């Protein structure tokens, strides 16, 4: 008769059997194997699966709202872990995505061509024509340069991402693309604010003659605009990352604002991002423009009765520049309003647990796609607005586009030469007028 096995031997056999059974049970339940890179199921970041394929620039909060809803405490037994239920997916979102995929592609290609031609021509006009080198035009050139960077780098990658669905460009480009996009928008916003303030200073300070050349304060403004825009875009580069998801039986790499942020600041930024974008990148330029243009109008009405004939031409030129700046701000507001409106409506009135939410979600998706296209148009529409509003820019555009390969100074129109001479004569007449007033008052 053999001795019974020891207690340690029995425990060892039981442990081996338990490990084997747990491994088999885990494989049957479909648990993913360990891997070097994190793999998230679609339900962990967004549901339904159609949300994984939204183009860059769409509402990030639409993805956040699609997390599985938690079962109320009263509906689960005591001591049991919280369970989640997913609301039924909205089938209409797939049709909306397929419809706008090609619309976005056509609009992006149009913006790419018009934006490169228009902004490059605008920069060449200001660089070649000495009569156009002044404070407001240098700010407009800074705005055009920011739009040009966004068009060259962001738009081609965005179109590829929209059509190919997978992100093959790596983590570096995943962080660089949203960084450049936000920096470009920041340059646009701060440049419009600086232009509005500059127009008020030009009207309020009649002794401040607009001459040829870049004032030192304008150069400082441009440096500050670019530095602040780059700093404010850093959270985008920090927060965006690549995530691998399981989508319809295949693994897709997507680039988005990561659902889990490491630092408290980035968690706060992810939560308050939509409100921050709406307040700073949309409401701020409109509020500053409305404030300073109201002051400028009051100043012009107050001094209108004391205007002299010698100032008429000089005043007309300043009014034309003020009208041009106002049109740029108006175009900016119209282009960005749909996108910000969809984000705010999503944050305020959308309920992910509402069984009748699909109609509202379809409306918000359509508004979101329209907003993306309108925001892209803002990168190419500023040169067109300048061509339609300003006579001087219109003449320069015609001359520059007709003789792109030749020297602009040799082929500039006679009207521009006369405008420069007339501008200098007006400044000289204004100086004489101020001197005569000074001696007469003495």
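From the backbone N, Cα and C atoms, a Cβ is placed for every residue, glycine too.
The record in Swiss-Prot shows matching topological domain names for residue 100 and residue 164, meaning one and the same side of the membrane.
When Swiss-Prot is compared with the stretches 60-85, 138-163, the one noted as transmembrane segment is 138-163.
Per Swiss-Prot, the listed range annotated as transmembrane segment is 325-350 (candidates: 299-324, 325-350). Per Swiss-Prot, the listed range annotated as transmembrane segment is 176-197 (candidates: 176-197, 396-417). Swiss-Prot marks one residue of 59, 119 as N-linked glycosylation site, namely 59.
For the topological domain 'Extracellular' (164-175), the list of distant contacts is 53, 157, 236-238, 240-242, 252-255: same-chain residues at least six beyond its ends, Cβ to Cβ under 8 Å. Each residue of the topological domain 'Extracellular' (164-175) gets a DSSP state, and the totals for helix, strand and coil are 7 helix, 0 strand, 5 coil.
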